[in-house]
Amino acid sequence: MRKLNGPTKQGVQWLALIALFILTVINWSYLVQTVSMIWSVVFPLILGGMIAFVLNLLMTWIEKYLYPNAKNKYLKGSRRPVAITLAVLIVCLVIAATVVIVVPQLASAVMTLIDVIPEAIQNLTDWFNRQEALVPLVNELANQVNIDWGSMFSSVASGINSLASNVATTSVSVLTTSVGAVTNIFLGILFAIYILFSKEKLGKQVDRLLTVYVRDDIHQLIENVAHVANETFSKFISGMVTEAIILGALVTAGLFILQIPYAAMLGVLQGVMALIPIIGAFLSGAVGVVILLALSPTYAVVYLIFVLFVQQLEGDLIYPRVVGDSIGLPSMWVLFAVTVGGGLMGIPGMLIGVPVLASVYKIIRIDVRYREQVSQEAGEQDVDLPVRFLESLRHQALTEEEIDKM
């Protein structure tokens, strides 16, 4: 059989890519349905992997201090189960404490806000009525707008009737979605525990598969990329959690000192929302201002000034020292990652978007620096040295120190 020469082979490859692109466009709806079906099936496994990654950080820390000098084989054998149990309990207690502190006070604040809205509207109406100079202007504006109030109220009434008729259907849909979410979380936790119990065995199995089925340079490339991603995710998660705890404690203590209502709830909310880079601080601040406005504008102004001061302190002192440059991602790309991640996956996307983009950014930066170095050496030798994609990650394992310097 005659082999294809270089240009012919390249042409065939391009034709195959064009044909694949055309088939993808033609069958796009079926492709989306297939991907959606596959995603719904594997989502509990992906969720379990994410839970396992977070729990592993806490489990590893517990294992390091859990009777490290024990020589009894039963104590050594019980280290992993005890560490996993403690890690799960700690996470569950933190979530439960957050819910207990935030939800009741937040519900109370919302009810207070609902109660004061009619009074606020009445006060605003009375104020407008007292401003005699504004009355002709308001009447003229109303005449120009020419709103059909009868039609508007009819539309609102029709919408309310439609909503009432769909309450049963909506309730069933919400119940089904809730049951599905709880089931996925339960399966994810079970899968995460299995991963944690046998993570060393799973690692060896993956390494054996890569050794048998993948070339050595590709094997090393996969290991280095996974190593970079693991380092970036680990440092980002541990740093952000530590920063959130410090920020929440500072806000709570400060609001108690200033005698601001709902101090504990607002402080915990500030700490939890701090896990979402950039956007979280604005969201928690806005929620706090709206809640306190229902009680007193003075409370809202004092809270806003204090939160802005703490945010400035956090940006200048806490974040650089706790999180630092571990993710190595410029602020513009952090905002990009949060926006795109939130658009694709909601709040989970906001949380994982930054470390994902930081890993990609760091890997590309490693490759660019290697290519610059090779290009400089080739210029000195007056030769042309071809460089494959991610060549720098194909031949030697990267250490944590090397990754931090990249």
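Every residue gets a Cβ built from N, Cα and C, even glycine.
Curation plays no part in TrEMBL annotations; they are all automatic predictions.
The transmembrane segment annotation in TrEMBL covers 12-31 (among others).
Residues or ranges marked as transmembrane segment by TrEMBL: 37-62 (among others).
Annotation source TrEMBL lists transmembrane segment at 82-103 (among others). Long-range contacts of the transmembrane segment (82-103) within its own chain (CB-CB distance under 8 A, at least 6 residues past either end) are made by residues 54-55, 58-59, 62-63, 66, 189, 193, 196-197, 264-265, 268-269, 272.
Sequence annotations record features per position, and here TrEMBL assigns transmembrane segment to 172-197 (among others).
The feature transmembrane segment is assigned by TrEMBL to 236-258 (among others).
Sequence annotations record features per position, and here TrEMBL assigns transmembrane segment to 264-283 (among others).
The transmembrane segment annotation in TrEMBL covers 290-313 (among others).
The feature transmembrane segment is assigned by TrEMBL to 333-361 (among others).
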Intrachain residues whose Cβ lies under 8 Å of the transmembrane segment (264-283), provided they are six or more past its termini: 98, 101-102, 105-106, 109, 240-241, 243-245, 247-253, 255-256, 291, 303, 307, 311, 314, 331, 334-335, 337-338, 342, 347, 350-351, 354
The transmembrane segment (236-258) in contact with the transmembrane segment (290-313), cutoff 8 A, at least 3 CB pairs, sep 6+: yes
Contact yes or no, the transmembrane segment (172-197) and the transmembrane segment (37-62), 3+ Cβ pairs under 8 Å, gap 6+: yes
For the transmembrane segment (37-62), sequence-distant contacts whose Cβ falls under 8 Å of one of its Cβ atoms, 6 or more beyond its ends: 80, 82-84, 86-88, 90-91, 183-185, 187-196, 199, 233-234, 237-238, 352
